[in-house]
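Below is one structure; the comments refer to it alone.
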């Protein structure tokens, strides 16, 4: 039967107040609501049996019911899963671009050749250099989501790597303070795009059983980059020329070059979700069949079908939600609470004092009597190493759970 206008408004209001598009209403539990074009329809469900059980063939599929059982530690023992997880790690290292910049800047502040070349920055001038990459990251969020949707996840990451390489080239060739600052900002723009596009791709291509730990590993690579930046700058410290800092700046290109190479030769697949959203259903199926089922339709076929159905349903739900605006995030008390939690969480994690150690360690060590350049660089490197090991342990504990 066609729902009248009053019922339509009631159902629409309910849809706006819940997180996902609900098909059942508590007032009419034996009626299912569907949407076709601009009309809402109500259809009576089959009458329940007395024992209130659903026949086995009608039970909805779950991920657990279609996930192949490869046994414990399958991510190591099953070759195709082990190789695929290593391939995903090549996407995870996107976060190391900004981490490298952080570890590098702490090291450079102790080098006389660098401080003399950029005018011995102090106060707000030093703060501007330290904030250059952060400011670039902030600017990147204006276009990042559009790049991910228009170019695909891989295209967005390649764009990010290209911008990072441009920023590195400008920093390495810097002739003054302004040139070094501009290079840092451009590097930050590329790093910011990668910080959004890479975890999106990771979550969309990861094998379902390991999606949680792989997305967590992405953030750990920030500290890997910081560790490399700290000790590479330590390795160049004794060169008696401006290459004592230019060399460590140039080494920052290692990560984006590795990623670009991996994408070009096809080691990393495109997001199946993006492919489905853009009408390439068979390509998406082929990718999932290769990387999630090892091209075995008998063992992995049900999982691939389940994932494709989930992708299609979620895309349809998002298209239905496109009629809403960003203001809907603040319309209901529940949405306002969610937004407050999201904003406060992201803000408070950046206001806990970690930036003082991350970007001003050189000054902090001066204040406690550690003035040796070598000692400062070693402390910087070991702090980054400790952070990386801690982050990896936490990430792996997610898999243990």
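The backbone N, Cα and C atoms fix where each Cβ goes, and this holds for glycine too.
A quick note: this is a predicted structure, and the numbers were derived from the prediction, not measured.
Residues or ranges marked as domain 'Major facilitator superfamily (MFS) profile' in TrEMBL: 87-401. Under the heading transmembrane segment, TrEMBL lists 80-103, 123-143, 180-201, 213-237, 243-268, 381-397.
On the 0 to 100 pLDDT scale, the domain 'Major facilitator superfamily (MFS) profile' (87-401) averages 87 in the predicted structure.
Tertiary neighbourhood of the transmembrane segment (80-103): same-chain residues 70, 74, 133, 137, 157, 160, 164, 184, 187-188, 190-192, 194-195, 197-198, 201-202, 205-207, 210, 214, 217-230, 233, 252, 255-256, 258-259, 262, 267-268, 291, 294, 358-359, 380-381, 384, selected by CB-CB distance under 8 Å and a gap of 6+ residues from either end. Same-chain residues lying 6 or more positions outside the transmembrane segment (213-237) and placing a CB less than 8 Å from one of its CB atoms are 85, 88-89, 91-104, 106-108, 110-111, 198-199, 202-203, 206, 243-245, 247-248, 251-252, 255, 358, 373-374, 377-378, 380-381, 383-385, 387-388, 391-392, 394-396, 398-399. For the transmembrane segment (180-201), the residues of the chain that approach it from at least six positions outside its boundaries are 91-92, 94-95, 97-98, 101, 118, 128-129, 132-141, 143-145, 147-148, 153-154, 156-157, 159-172, 174, 215, 218, 252, 256, 268, 271, judged by C-beta separation under 8 angstroms.
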